[in-house]
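Worksheet: the structure to be examined is printed underneath.
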Amino acid sequence: MSEHSDRDRRQRPPHEAHDPMVEETEEERSRSAAARLFDIRRVIGGLFVAYGVIVGLIGLFDSQAEIDKAQGVRINLWAGLVMLVFGLLMLAWQRISPPEAPAPPGDDDGR
Amino acid sequence: MDGGGGLRLNMNTLDYLILALYFVTVLGVGFAARRAIRTSVDFFLSGRSLPAWVTGLAFVSANLGALEIIGMAANGAQYGVMTVHYYWIGAVPAMVFLGIVMMPFYYGSRVRSVPEYLRLRFNRPTHLLNALSFAAAQVLIAGVNLYALALVMQALLGWPLWLAIVVGAAIVLAYITIGGLSGAIYNEVLQFFVILAGLIPVTVIGLVKVGGVAGLMDAVKGSKLGEAGLHAWQGTGSTDNPLGAHWLGIVFGLGFVLSFGYWTTNFAEVQRALSARNMSAARRTPIIAAYPKLFIPLVTIIPGLVALVTVKGLGAESGSLVYNNAIPLLMRDLLPNGVLGVAVTGLLASFMAGMAANVSGFNTVFTYDIWQAYVQRDRSDEYYLRIGRLATVGGVVVGIGTAFIAAGFSNIMNYIQALFSLFNAPLFATFIIGMFWKRMSAVAGFWSLLLGTLASLVTYLGYKFFGWFDFNSDLEESFWGAGIAFVTVAVVAAIITPLTRPKRRDELEGLVYGMANTTLADDSLAGDAAWYRSPVLLGGIAVLLAILFYLPVF
């Protein structure tokens, strides 16, 4: 950004770090398996769809006593529905924009 | 120990199914994250590969632990609307500051932890001091979180305390040892949503019960809080308000020194941002987290207020009607089976999120900052990965021990938390001065941090145990203690720096303002340049919203 980009810095390894310990770790990153990490949206979506179905079904069969306890709100039905929709949206989001690029994102530092 | 029988929830099989499904999912996430771990950075920093929305939600979730949910609802019941200060002035500005101003130094220097920044910016003694105090703090606080988790499981589900402690610890241990930080972060994101799914129904039904927002406001006026319970700033011209705090104390103590100290230097938080996939995502991490943070008071403070006006006798000194039980009491009174199971799951999720953040912060600092830096240098990366897994086990075991000690002496919990909050303000002062004053020497860094911490400690002990100082409340002590520590750090730095040797320019590259890292490769991804991903813009909007939110509750 300013003029102190003088010569000696150019000879450093491609990594920015200038500490031996930090550097060693940075070099290991070429072996990183982070790209194999799955997409969490699938898990969130799946869990909420399951919760939505379970809670929604409970809601369908709620007794009057349970509805009264919740101040007259059919909360199980509503909460189940909302969770179901939320779960489906998460799954849809994953479908529409899948995790970016096969290139491991950790690999972005100009190697 | 009182079993809190009055709190026992009427959980049925389906509620337990919901809870069990969650535990299975959490463990599954841990196992599934395992295949993405080959190097130590994969284990400790998720290979620096995560997108900003994931790290952002993990950032906020890591803080949604025991203290947050239970404690803020309790504060809501006890202090009323003033509790929003902990969010809107006490968190959001600091989170935005971390993203805009400090993250370029953290992420850009490629440090693997917050203490490591101190090693590069100052020297090894400063680093060791901070690494040791952080590591100790994390395992002890993990124990406190674990104890709080066990207390809730005991009160709500009737599980024996020891069983709850062991089960909670075993789950956290399993998914972090196996899945590393990715396991922790992914579960935090999941927890974030489950916590909300649990709290929103309580809030909604609570509001229906009291007749909506208007009904709640009327009822609060008639409660022991009175009109003052509905205002955040009115009455802060003096300390005659529910919180007992002057606006100066709120703005400078809470809003500046305390919150900046916590949010910007606490590695358990910053670690989430360091695991982001590039600089842009790292900077956006705390800023994205600021948005949910703006809204969380809706699901903590409102239930607190509802509990205040609907639960007779809330606010007892002990027993099941203490303020801390505000949310569990509402769950008992208002939720039918089904959402009840989700709410219990959300509550347990929040405790595990808090503990997992502590443990994953601990294992990283222990491995990189203590073991690699001072015990076993120059071993292979696999070796440190193994140490990291062992450190996780060790950290959890110490946490269990702490939890059992806390179960025996419940006051210890409060002291532990108070003790470690003393380290935050001087640490923040050392960081911020070190980042913006490049002349500040390494020796000055060490003495500033040490004497600042001592100043904070003396203020606390002098107030609490020796009667040297007099403050209106614990809160006021913490404001003043933090302020005194900050000034001490600044003064010590100003005195020692001119007398000692400065750091070489090339040693400071990328670590200090005005010494930009000129070799830093542009790591941005397609789309990062979009205007809506600008950290400054996103941060500005978050702060603006925080200000606007204050208007209706001024």
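Backbone N, Cα and C define each Cβ position, glycine as well.
TrEMBL lists B:16-33 (among others) with the feature transmembrane segment.
Here TrEMBL flags B:53-74 (among others) as transmembrane segment.
Beyond the ends of the transmembrane segment (B:86-107), by six or more residues, the same chain brings 59, 72, 75, 114, 117, 250-251, 254-255, 258-260, 262-264, 270, 273-274, 276, 279, 282-287, 289-290, 293-294, 296-297, 431, 435, 510-513, 535-536, 538-540, 542-543, 546-547, 549-550 to within a C-beta distance below 8 angstroms of the stretch. Summarising the annotation, TrEMBL assigns transmembrane segment to B:86-107 (among others).
Under the heading transmembrane segment, TrEMBL lists B:128-153 (among others).
Per TrEMBL, transmembrane segment is recorded for B:159-178 (among others).
Residues annotated as transmembrane segment in TrEMBL: B:190-208 (among others). Long-range contacts of the transmembrane segment (B:190-208) within its own chain (CB-CB distance under 8 A, at least 6 residues past either end) are made by residues 22, 25-26, 29, 57-58, 60-61, 64, 69, 215-216, 292, 298-300, 302-303, 306-307, 310, 327, 330-331, 334-335, 339, 342-347, 349-350, 352-353.
The list of residues near the transmembrane segment (B:286-311) in space but at least 6 beyond its ends in sequence, with Cβ under 8 angstroms from a Cβ of it, reads 52-53, 55-57, 59-60, 64, 68-69, 72-78, 80-81, 83-84, 87-88, 91-92, 95-96, 98-100, 103, 192, 196, 199-200, 202-203, 206-207, 209-210, 216, 219-220, 222-225, 229, 263, 269, 273, 321, 323, 326-327, 329-330, 333, 535, 538-539, 542, 545-546, 549. The annotation transmembrane segment is assigned in TrEMBL to B:286-311 (among others).
Look at TrEMBL and you will find B:387-409 (among others) tagged as transmembrane segment. Residues 1, 40, 43-44, 138-140, 142-147, 150, 161-162, 165-166, 169, 172-173, 176-177, 180, 355, 358-360, 362-364, 366-367, 371-372, 376, 416 of the same chain lie 6+ residues outside the transmembrane segment (B:387-409) yet bring a C-beta within less than 8 angstroms of a C-beta in it.
Summarising the annotation, TrEMBL assigns transmembrane segment to B:415-437 (among others).
Using a Cβ-Cβ cut-off under 8 Å and counting only residues 6 or more beyond its ends in the same chain, the transmembrane segment (B:444-466) has close neighbours at 118, 121-123, 125-126, 129-130, 133, 418-419, 422-423, 425-427, 429-430, 433-434, 477, 480-482, 484-486, 488-490, 492-493, 496-497, 500. Feature annotation from TrEMBL assigns transmembrane segment to B:444-466 (among others).
Feature annotation from TrEMBL assigns transmembrane segment to B:478-499 (among others).
The transmembrane segment annotation in TrEMBL covers B:536-553 (among others).
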- Message: Can you tell me which recorded stretch out of B:53-74, B:128-153, B:159-178, B:478-499, B:536-553 has the most Cβ pairs within less than 8 Å of the transmembrane segment (B:16-33)?
- Response: B:159-178
- Query: the transmembrane segment (B:128-153) vs the transmembrane segment (B:415-437): three or more C-beta pairs under 8 Å (separation of 6 or more)?
  - Reply: yes
